[in-house]
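Some notes on the structure that comes next.
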Ligand SMILES: Nc1nc2c(ncn2[C@@H]2O[C@H](COP(=O)(O)OP(=O)(O)OP(=O)(O)O)[C@@H](O)[C@H]2O)c(=O)[nH]1
């Protein structure tokens, strides 16, 4: 029999900054019609909500004339990027599309940007919900209406205000490299991100956001959404939960094929692969039957895409985010291998030298590493779980001090790791912790910049800087042992403890001390007149009034300065360095090269 294929319901995740309205938007989408039993009504799945295409077209949003064969939209009930990155399918993101909710009055916030970066990395299509339009001063609410209708009812001032705010979002998106436009002015979804003004509170614009998602799926994803309706089921574990009377259960989002009672399945535990057999499949009971004691309704089978609760033996060790695959026919070994591969095969490019990263899930680890990669920050090791003492020690031995860091996303630092960090030998190691990737990255980059400057400063301090001085007339304070003479610094920076030389290369002696106005100083800038003591020469023999002397910068130092510090030198230092090097290169063209 030929394999049947059909277009499955696309899976949608809602993301955005705290309090911008993710939960409210999902609640509003689920709406009151969850209780309705009529054909084509919105139905509650395990961990997800199915909005069928009929329900969407009935709402009458823009684009409702588009012919559609996408059966509807399956919304993951847990909003936020953590859910998005945890839920993986075949190494990528489980969600086919996303809504990024932005409070139109507040604009972009760190987690908005983070959501966009994650979506870009996963190449996931998305739409922007410019939410809370009802908060715009003077807004006249048109309950549940499509945007076009409600916009037409607003006065000119309010319309203008909304336009300004939408354009602010367009500008911000453009800074991040995305072209965008208000959805009703977008003709090509591939080129422009749609911005849909919405209110999760009043339902305004909601019909449009659903329609735009359908449009996106219809035009750009139908190939990806083809599934076999009779093939072996494949899904992702959303949650592992103990249920009264059922024991340990898995909340699963099935994205391909069919899952039946009695199926042999493979899932992943922390460090093991688990094979078991589906005892029962459970759906939430419709709300109106809430009085019936049992909360779940048993079904014989489910077809993708769907959210379903799976009861089976041996589920205690299963991890959230694990793949779930059905064994069918003789493919047991292949399925086990595939699950193992998906869990272990973290898509992170590792380098010999780099930061150590930690996260609570594989998906989060991947998201973090992709962000680091995008900023040319190398990763040496990437593992799931809390930060350990071993991590700190490893970070402490990295040769490049700019990588002596651990970046921990959504995962704790164990007490013995904190103790180890307090050790003086580890004082150069830093740990960056937090729940916002974008913030973590900023913190690390800031630390790295500071460290880089500090290292440069240290290196700079150790280097002998070039200077040129002239011995002044009437300022010979002592002939020799040491010679003490007045000089003018013609250029560069004169420091004590350096060797001096004549332009012809003859050595003069060591500069011991610099005095300015009878005070000992460590250095003197170009233009200054100071007294210096020189160990070695006698005035009138090796040196004379009006002689020009150079600081004898060691060849090794010239090399470092020319190669790495030229940009940091003042024009005067540069000039004298060039002069001095040119004198030396008259004898040996490769001197200091
Ligand atoms: N006026 C108005 N208020 C809204 C709208 N959407 C959300 N709110 C309010 O904004 C607050 C935060 O909304 P939530 O839906 O909890 O936001 P969230 O993004 O899910 O927040 P977290 O779950 O904390 O990340 C709540 O008080 C909502 O009632 C809207 O469109 N208009």
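Backbone N, Cα and C define each Cβ position, glycine as well.
Pulled from TrEMBL:
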type	residues	note
DOMAIN	7-221	domain 'Tr-type G'
BINDING	16-23, 77-81, 131-134	GTP binding site
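Checking the binding-site residues 19, 22, 78, 81, 133 against ligand 1, the ones with a C-beta less than 6 Å from an atom of that molecule are 19, 22. Looking at 16, 19, 22, 133, the binding-site residues in this record, the fewest other C-beta atoms within 10 angstroms of the C-beta turn up around 19. Look at the Cβ of each of the binding-site residues 78, 81 and count the other Cβ atoms within 10 Å; the largest number goes with 81. The DSSP secondary structure for residue 19 (GTP binding site) is coil.
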